[in-house]
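These notes concern the structure reproduced below.
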Amino acid sequence: MTEVLKTNVLQSNENIVQYYTQKIQDAELAILQKTQNLRRLEAQRNGLNARVRLLREEIQLLQEPGSYVGEVIKTMGKNKVLVKVHPEGKYVVDISPDIDIKEIKPNIRVALRNDSYQLIKILPNKVDPLVSLMMVEKIPDSTYEMVGGLEKQIKEIKEVIELPVKHPELFESLGIPQPKGILLYGPPGTGKTLLARAVAHHTDCKFIRVSGSELVQKYIGEGSRMVRELFVMAREHAPSIIFMDEIDSIGSSRSDSSGGSGDSEVQRTMLELLNQLDGFEATKNIKVIMATNRIDILDPALLRPGRIDRKIEFPPPSAEARAEILRIHSRSMNLTRGIDLKSIAEKMNGASGAELKGVCTEAGMFALRERRVHVTQEDFELAVAKVLNKGDSGEMSLQKLFK
C-alpha cells in the first residue's frame, strides 16, 4: 500500500514538472514573439521618423524664398562679381563666405538671393540632352594603321590637331597661335570620318560627333542654342574634338533671295557657329574638325583663316592606295595563298575606300555561301563585279519590274 502511494506521488510530481515546463516554454516563445514584434515596430518607427524629417526639410525648402539665376561675366576684386541676370540686367554682387572665389569663372551659372542678390551657389551648366547624346563616351578605337593611302593627309592633320594638344609649348616658343579647326573635303567614302576618329584615339580626347542636319531645327533659335551648348559641353570635357559631319547642310553660302523661314533659321545657326569659332581660344584644347563633300557651296566666311586654319583634300585613292586599303581590310581574313590584291585594286579604278571595304565583306560572303572557311581569288573577283556593278543591277531589276 505504501509503495502504491509513493508511486502515485512520483507520477503526480512528474506531471506537475511537465506542466510547468510546458508553461515556461510557452511563455518564452511568447516573449520571443513579442520581442520580434517590438523590434519590427521600432524599425517601422525609425523609418517613419526619417520620412517625417525629409518631409519637414522639403517643406522648409519650399517655404524658403526663391533665387535668381545669373551668368558670371567677370570677377571684381576679392569678394565682388559682375553678374548678368536675365531680363533685369547686370549687377555687381557680393559672394557668400562659403564659396571660394577661385571656383567662380566667366560664363558659369550661379544662384543669387532674391532679397540681397548675394551669390550663394554655383550651378551646373545647362546642356540639352540631345547635345549630351552627341558625345561618344568611349574613346574611338580607330588608329592610323587602319587608314590606308592617306599618308599626306595624316601628316597634315597631325600638325593641326595632335601636335597642339600634346605639345602646346612648341607653338608658344615660336610665337604663333594654335590652329582652331580644319576642314576635310572629298568624295564620300574616302576616309574623312575614319581619320577623325583615329585622331581622337591618338590624342586621348573626348570625341563629340554631330551631323550638320541635327542642328537644323524647326523652331527659331533652337539650332543656335544647340551650337552654344555643344561648345559649352566641349569646354567642360576638354581636351575634346568636335567632329561636324555634313557641314554643308548649315554652312552653305548665304544669298539675298528669301527662301522662307527655314533658310533664315539655317543662316542663324551658321552665324552662331561662326560666333563660337571666333569666341573660343585654341589654347583650351578644343579642336573642331569639319567634313563635307560639297566644298563648292560653303560660305566664304566659314572658310577664312582663323576659323578654318587648314583645308585637307581627300581624293579618290590611287592604285597603290587601293591595294593598301585592301590589305588593311583583309588583314584579319582567312585568305588562301596566291591572292593578288594588287590586280584586284587595279580593276577598281575610281573606287572609294568604303567600296574597297565592301569588296572584302562581299568576298567573305561568297565564301560563306559555299560553306568554306577561306577566301579565294575568285571570291574577290566576284565581289568586285558585284560592288562595281551594283547600280547596273539595280537598273536592270527596275526594268524587269515595270515590264
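Glycine residues also receive a Cβ, built from the backbone N, Cα and C atoms like all the rest.
For GLY186, PRO187, PRO188, GLY189, THR190, GLY191, LYS192, THR193, the entry in Swiss-Prot reads ATP binding site.
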Residue with minimal Cβ packing [other Cβ atoms within 10 Å] among the binding-site residues PRO188, GLY189, GLY191: PRO188
Cβ-based isolation winner (fewest other Cβ atoms within 10 Å) among the binding-site residues GLY186, PRO187: PRO187
Binding-site residues (THR190, THR193), the one with most neighbouring Cβ atoms at 10 Å: THR190
Neighbour count (Cβ, 10 Å) for LYS192 (ATP binding site): 25
ATP site, defined by GLY186, PRO187, PRO188, GLY189, THR190, GLY191, LYS192, THR193: further same-chain residues with Cβ within 8 Å of the Cβ centre: LEU184, ALA291, ASN293, PHE314, SER352, GLY353, ALA354
